[in-house]
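Have a look at the structure below, then the notes.
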Amino acid sequence: MEPKKRRPTRTIYVGNVPVGGDHPVVVQSMTNTDTRDVKATVAQIKRLEEVGCEIIRVAVPDEEAARAISAIKKEIHIPLIADIHFDWRLAIAALEAGADALRINPGNIKGLENVKKIVLAARERGAAIRIGVNAGSLEKDLYRKYGGATAEALVESALRHLDFIVGDLGFENLKVSLKSSHVWTTIEAYRLFAQKSDFPLHLGVTEAGGLIAGTVKSAFALGLLLSEGIGDTIRVSLTRDPEEEVHVAYEILRTVGLRTRGPEIISCPTCGRCEIDLFPIAAEVEKFARTIDRPLKLAVMGCVVNGPGEAREADVGLAGGRGVGIIFRKGKIVKKVPEEEILTSFFAEVKRLLAETA
Ligand code: SF4
């Protein structure tokens with residue numbers, strides 16, 4: 001079974017990155033450094049670029065952070081989105097400093113006049129805007145009308161903002177997100193919005209949690225929506241290093257069948273047959289795999305009884321024996337080495353395969 005065909009949307013541009021239409025679902029993340037600390041922020045963005053982050057968002061809590069964007073932009077290669085709350089002047093300052101896009105929640109910008117100032121400045125500079133509707137800052141009248149921050153209320157809020165920004169101001173370089181920390185409300189809101197508008201959607205579950213909870217919630221909500229053809233760019237939020245967000249995002253896209261980046265690792269959970277210390281070996285393989293951007297299948301198996309057979313699909317694999325390691329390709333054993341050489345031999349075999357197929 002394949003994911004449903006992508007929902008047809010218009011294409012917008014965040015810097016030079018197209019979002020929506022037939023373009024691949026774009027992976028983004030957000031820095032957790034102090035934006036005013038240019039050196040630390042640039043270093044983190046560069047690490048994120050290396051693992052495949054395609055758009056980066058930075059928090060802009062004050063004027064100094066907005067000004068720092070200009071120095072940050074000189075050092076990085078991916079488009080930058082300035083995350084703005086409350087103060088329209090910060091949005092203008094971020095645009096003047098070269099931000100490629102803004103993320104605003106018009107509901108907390110305090111008045112349509114201020115939203116208008118932001119939109120006109122973005123248009124003048126060719127920047128994009130994400131309208132981020134958030135359950136936590138829903139308009140009071142919608143809260144009353146729907147008896148809470150329901151999916152319908154979130155969608156009506158987004159459509160109201162679009163009416164003003166698109167209808168009255170004629171600005172269309174827009175994408176939308178609809179977030180609630182309640183996963184089903186988020187899913188329903190995106191589904192509903194997708195039926196009513198063709199603007200591209202930024203998917204995310206807000207305040208998703210730590211590595212395990214955040215990964216599960218995001219994989220469930222984003223995976224479900226993406227499998228229904230909904231979603232044009234994704235951010236997995238984790239209370240973790242943002243590099244992990246990018247790795248998880250690509251695993252979700254791989255699992256749904258939309259994009260592959262880097263190797264897929266098949267590894268066994270180990271059982272009573274395992275005679276080597278497999279967990280640290282698997283961790284090293286995972287680290288090594290992150291340095292490769294070509295799609296490959298790598299297997300890490302605890303024993304030779306079932307290992308190579310179970311992982312027949314793998315391009316290169318390793319399996320443990322008593323004091324030895326077996327290296328195999330496509331289910332066929334190519335080498336037997338002492339246990340302490342298993343990783344170096346495995347890495348050498350993968351590199352050989354990459355060189356042969358370059
Ligand atoms: S590969 Fe071997 S060690 Fe791993 S789960 Fe299967 S039987 Fe157990």
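In case you wondered, yes, glycine gets a Cβ from its N, Cα and C as well.
Positions annotated as domain 'IspG TIM-barrel' by TrEMBL: 9-250. Confidence in the domain 'IspG TIM-barrel' (9-250), given as mean pLDDT, stands at 95.
As annotated by TrEMBL, domain 'IspG C-terminal' applies to 264-351.
Feature annotation from TrEMBL assigns [4Fe-4S] cluster binding site to CYS268, CYS271, CYS303, GLU310. The Cβ of CYS303 ([4Fe-4S] cluster binding site) has 22 other Cβ atoms within 10 Å, all protein chains considered.
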Please list the DSSP helix, strand and coil residue counts for the domain 'IspG C-terminal' (264-351). 29 helix, 27 strand, 32 coil
I'd like the number of other C-beta atoms within 10 A of the C-beta of CYS268 ([4Fe-4S] cluster binding site), please. 20
